[in-house]
Amino acid sequence: MEPIITFKERCRLCYSCVRSCPVKAIKVDNGFAQIMYNRCIGCGNCLSCPQQAKAVVDRMGQTQELLTSGAPVVAVLGCSFPAFFHAITPGQLVAALKNLGFCEVHEGAYGARMIADAYKEVLRQTEIPLVSSHCPAVVSLIERHYPKLIPNLAGVVSPMIAMGRFIKGILGKDTKVIYISTCIAGKFEVQAAESSSAIDVVLTYQEIDKFFKGRGINPASLAEAPFDGLDPDNARIFTLTGGPLKVFEVEPDFLDTEIISAEGENHAIDIIRDLAAGRITPSFVDLRLCDGGCVDGPARDQTLNHFYKRKLIVNYNDSTLPYKTAPHYRSTTSIPDLMRPYSNKSCRLPSPGKDDIKRILHSTNKFTQSDELNCRACGYNTCREHAVAVFQGLADIEMCLPHNLQQVEDDRGRLMQKYELIRRELDRQLGDDPIVGNDSKIQEVLELIRQVGPTPTTVLIRGETGTGKELTARAIHRLSLRNDKPLVTVNCTTITDSLLESELFGHKKGAFTGAIGDKKGLFEAANGGTIFLDEIGDITPKLQAELLRVLDLGEVRPVGGAAPKKVDVRLIAATNKNLEQGVSEGWFREDLYYRLNVFNIHLPPLRNRQDSIPSLAEHFLDKARKKLNKNIAGIEDRAVKAMQHYPWPGNIREMQNVIERSSVLTKGTIIRLENLPTIFADTYERCSNGEVNRRHASFKAERELHISRTEKNLIQRYLEETGGNVAKAARLANIPRRTFYRLLEKHGLEIVQRVRTKSAEQEAPE
Ligand SMILES: Nc1ncnc2c1ncn2[C@@H]1O[C@H](COP(=O)(O)OP(=O)(O)OP(=O)(O)O)[C@@H](O)[C@H]1O
């Protein structure tokens with residue numbers, strides 16, 4: 001497994017890894033940034049991901065397995081260890097490692113000591129510019145990205161590999177060697193074929209520290225133990241800036257241009273690029289990718305500054321460390337083969353032509369040079385570099401931040417336009433719809449709407465389904481002084497009980513599973529305007545109590561929140577339930593009932609509004625005409641008559657649907673009885689037979705019919721003239737009030753008039 005992995009789900013596409021990768025070995029694809037290992041040089045920069053989406057693969061389990069396998073396991077400490085384990089002595093660190101189960105502990109600096117002689121030899125023999133190879137990231141950089149310089153690489157192993165070969169050469173191949181340092185590239189290096197089997201595991205200081213903690217080992221409490229192997233002497237400074245040249249005994253003069261010693265990815269890449277281009281031709285280039293040398297490798301102690309770490313290393317170099325060297329390490333034949341080969345590991349990506357770049361730039365709205373902002377938000381230094389990466393399949397177009405912002409702005413504009421269109425359409429469909437009807441009942445309703453509209457009074461609208469309760473609520477809001485503020489409509493049965501409370505009153509973050517943030521409720525959304533609670537008879541007793549609180553105190557309490565919020569909302573409620581029965585049966589709170597029942601509007605069912613059927617039919621036909629863009633002139637009389645005798649269980653909504661459906665079905669310009677659902681033909685037949693039968697009935701029956709009609713018309717007229725006041729109407733008709741009531745009953749002129757009549761009666765004494 002590769003030493004660094006990506007946790008897809010943590011990647012938030014901030015492109016910080018793209019930005020920090022010196023060789024752009026990151027591919028953004030499928031919604032996350034992944035490492036392209038064939039381009040990666042193991043510098044470890046991507047581990048600084050703010051979301052911790054990149055992590056070093058845990059090798060502690062593997063180490064533990066080796067330690068318990070029975071094979072001898074040797075620990076080798078990289079030269080920089082005193083700058084990490086600075087709170088304990090080197091001898092205590094050795095003791096702690098032995099406590100973990102390591103049989104020997106060596107200083108990796110001895111590896112630097114060993115390769116120094118090899119370097120002197122290679123330097124003496126080489127005539128082309130020689131590039132040092134002790135930094136595995138620099139080796140990878142050349143093998144993967146500048147293969148032209150492979151012949152320039154010193155064919156000498158790194159100090160780490162030298163140590164592995166040295167120890168295994170003496171103790172035998174079955175010995176396991178674990179190298180511990182600040183280096184991440186070393187983890188990649190030991191996986192490469194060229195250095196395989198020299199080192200078994202590479203750990204960072206952090207990993208070994210975790211190991212101590214996991215095993216309850218406190219190195220500071222331990223007595224010092226001596227190192228094994230050989231004392232590296234002054235090779236301990238190898239880790240520092242300038243350290244390798246000192247150890248290799250290559251000491252240039254101040255003005256020397258033949259020897260280059262540099263650190264840091266920018267310098268290293270610049271120098272390698274110039275070498276490859278032949279712009280510089282020094283005799284020796286000593287390079288390390290980490291700025292500050294190995295002591296400042298990616299797994300360093302981040303809390304210490306470079307110069308303090310330098311001081312720690314210098315002190316360590318000056319001190320005498322306890323050593324207990326076994327005689328076999330002193331044998332002159334113990335020095336292993338320190339040479340190594342290299343291979344071309346570059347994989348060339350396709351190069352885009354000018355037109356390709358242009359096309360990609362255009363797709364992110366970059367048409368002129370000034371459109372190329374080179375803002376680097378995508379992680380690439382220039383818009384062109386990003387375009388090349390897009391062409392090569394490394395980057396996404398969507399990585400361009402200015403382009404995305406422009407897109408969001410454009411989308412916002414488009415959505416605003418759509419919203420505006422939909423709002424107008426909704427207004428057309430709902431808000432501006434007139435309340436149609438010329439029967440006395442609906443005229444009375446209209447009068448009530450006109451009276452209550454401009455007041456702040458709570459209104460309770462009652463009536464069967466589809467009778468126009470919502471339409472009435474809209475009309476009331478339109479006539480109110482709040483009509484410039486929202487009318488929020490809530491159907492209490494469409495939202496589940498548990499959600500309705502939070503929908504109405506809002507909730508605080510964490511109030512329940514899924515409450516990931518604070519949310520305002522619909523009462524707050526309606527602040528200053530009106531809220532229409534449809535089907536109020538269906539809300540739970542708990543919600544009834546909360547609602548009462550809103551009505552009494554004018555404040556809402558969000559679910560999970562302690563502090564109430566003031567709201568100024570007018571309430572219109574509607575129900576087709578019998579709330580009085582609810583109160584007596586206990587499922588509707590009495591106090592809420594009285595609070596709602598301030599001003600009642602009762603919408604009559606359509607079957608009691610036969611007189612309005614022709615005008616409603618015409619109204620809905622007009623709507624269907626516009627909606628379907630169909631030339632329909634009218635509805636034939638037979639169809640209207642059938643509609644007048646149909647009981648309309650779904651009321652006006654049903655009628656609207658029937659007319660729209662018939663408009664779709666009709667082939668001519670007139671909606672005929674046959675275009676209506678078949679039940680209307682039956683209804684028509686029944687009512688026609690009734691008329692024919694009546695025509696053939698006796699004179700007496702015919703006379704009764706006419707008298708009854710005249711009686712009904714007269715009663716309606718008296719009511720109209722007295723504004724629905726039954727007491728006055730009875731006086732005008734010169735009949736007792738009780739007789740007038742009986743006639744109302746007989747002709748089906750009920751409830752609405754009676755409600756009004758009752759209140760009017762109280763005002764008007766007999
Ligand atoms: N008097 C009327 N004039 C014109 N259209 C009407 C009238 N009454 C109702 N409508 C139309 O009938 C349909 C149903 O009306 P609305 O939704 O207001 O009924 P409702 O009583 O609130 O229904 P529900 O009880 O199912 O919620 C709507 O399209 C509305 O525009």
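Even glycines carry a Cβ here, placed using N, Cα and C.
In TrEMBL, annotation is done automatically, which means it is predicted and not curated.
Under the heading domain '4Fe-4S ferredoxin-type', TrEMBL lists 1-31. Sorting the domain '4Fe-4S ferredoxin-type' (1-31) by DSSP state (H, G, I as helix; E, B as strand; all else coil) yields 8 helix, 7 strand, 16 coil.
As a summary of secondary structure, the domain '4Fe-4S' (356-418) carries 41 helix, 0 strand, 22 coil according to DSSP. According to TrEMBL, the domain '4Fe-4S' annotation covers 356-418.
If you look up TrEMBL, you'll see 435-664 marked as domain 'Sigma-54 factor interaction'.
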Overall pLDDT of the domain '4Fe-4S' (356-418), taken as the mean: 91
Beyond the flanks of the domain '4Fe-4S ferredoxin-type' (1-31) by 6 or more, those residues with Cβ under 8 Å of it: 37, 39-57, 141, 144-145, 184, 187-188, 191, 202, 265-266, 269, 289, 376-380, 389, 393-396, 399
